[in-house]
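Here the structure comes first, spelled out in structure tokens, and everything after it is commentary.
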Amino acid sequence: MAHINCTQATEFILVGLTDHQELKMPLFVLFLSIYLFTVVGNLGLILLIRADTSLNTPMYFFLSNLAFVDFCYSSVITPKMLGNFLYKQNVISFDACATQLGCFLTFMISESLLLASMAYDRYVAICNPLLYMVVMTPGICIQLVAVPYSYSFLMALFHTILTFRLSYCHSNIVNHFYCDDMPLLRLTCSDTRFKQLWIFACAGIMFISSLLIVFVSYMFIISAILRMHSAEGRQKAFSTCGSHMLAVTIFYGTLIFMYLQPSSSHALDTDKMASVFYTVIIPMLNPLIYSLQNKEVKEALKKIIINKN
């Protein structure tokens, strides 16, 4: 391949969600409110689980880690996105862009794998209740969280290094509100075929394997629930798993739409709307999904409020 002489970009300009000035301030207020709700909801859930001894179980250990990932996930993206509404040009340095992409990928992959760990936890709890505390020991729980974090960090690091070893000389204007792969690849003057193949392969393998764990776990769970003689037991099992199923459907559904589609149909404006959903909306929704239908969380919150009063 012939060498292309070009000046390497040292910074990028994030276009943001809209160019319409009249929309920027209302959107700033809206997304700031959502972000504050996300921070309060997720950190509040973590503190509640830590404060109430009745919630010191494997299920809530995983839930507190999911809340932590959601908090970090949103915090990597939203503050910079809010800057898009306040500044004429939202500039991000080359290194900061790489850091944002790496952190974003770390927490996105972590969330995907944590949802699979939580599905396995629910499988053991419902299908083998007598062995639950024997199987889900503190050591096993830590491993089911540590492995996703470690794997996610290594994958994100390799992925980010591949992206930022490319030459960026066509333009430095990123048609997005954060540093993401597809908008960045459109700016490079390097051959991106290997990189695009890597994105598709990694996303496909990770999503399919984690979804397979979730699917198989829930096949056994549903089978076990249908065999229960107690209507109350069935209702409790369904309510416990229903929250997780809803969170899984929303998260994986959005990511499949985003990453497992042909590049020819990869419209960046459509991707921006999907990205808002899974980087801003989902981290806000998860505390609500897992709390509103959970009697134990609501009881723990009531106890804290009563004790303070």
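Easy rule for this one: first residue shown is 1, then count along the chain.
In case you wondered, yes, glycine gets a Cβ from its N, Cα and C as well.
Keep in mind it's a predicted model, so treat the numbers as computed, not measured.
If you look up Swiss-Prot, you'll see 1-25, 76-99, 161-197, 259-271 marked as topological domain 'Extracellular', on the strength of sequence analysis. Residues annotated as N-linked glycosylation site in Swiss-Prot: Asn5. Taken from Swiss-Prot, the feature transmembrane segment applies to 26-46, 55-75, 100-120, 140-160, 198-217, 238-258, 272-292. Among the features that Swiss-Prot reports, topological domain 'Cytoplasmic' is placed at 47-54, 121-139, 218-237, 293-309, with the record citing sequence analysis. Per Swiss-Prot, the feature disulfide bond maps to Cys97-Cys189; the stated evidence is sequence analysis.
The Cβ neighbour count for Cys189 (disulfide bond), using a 10 Å radius over every protein chain in view, is 15. The Cβ of Cys97 (disulfide bond) has 25 neighbouring Cβ atoms from other residues within 10 Å, across all protein chains displayed.
Each residue in the topological domain 'Extracellular' (161-197) gets a DSSP state, and the totals come to 14 helix, 4 strand, 19 coil. Scored by C-beta pairs under 8 angstroms, the transmembrane segment (140-160) has its highest count with 100-120, from the stretches 26-46, 55-75, 100-120, 238-258.
Only residues 6 or more beyond the boundaries of the topological domain 'Cytoplasmic' (121-139), in the same chain, are considered here, and those with a CB under 8 A from a CB of the stretch are 58-59, 62, 217-218, 220-221, 224-225, 237, 240-241, 244. Using the rule of three or more Cβ pairs under 8 Å, pairs at least 6 apart in sequence, the transmembrane segment (100-120) is not in contact with the transmembrane segment (26-46).
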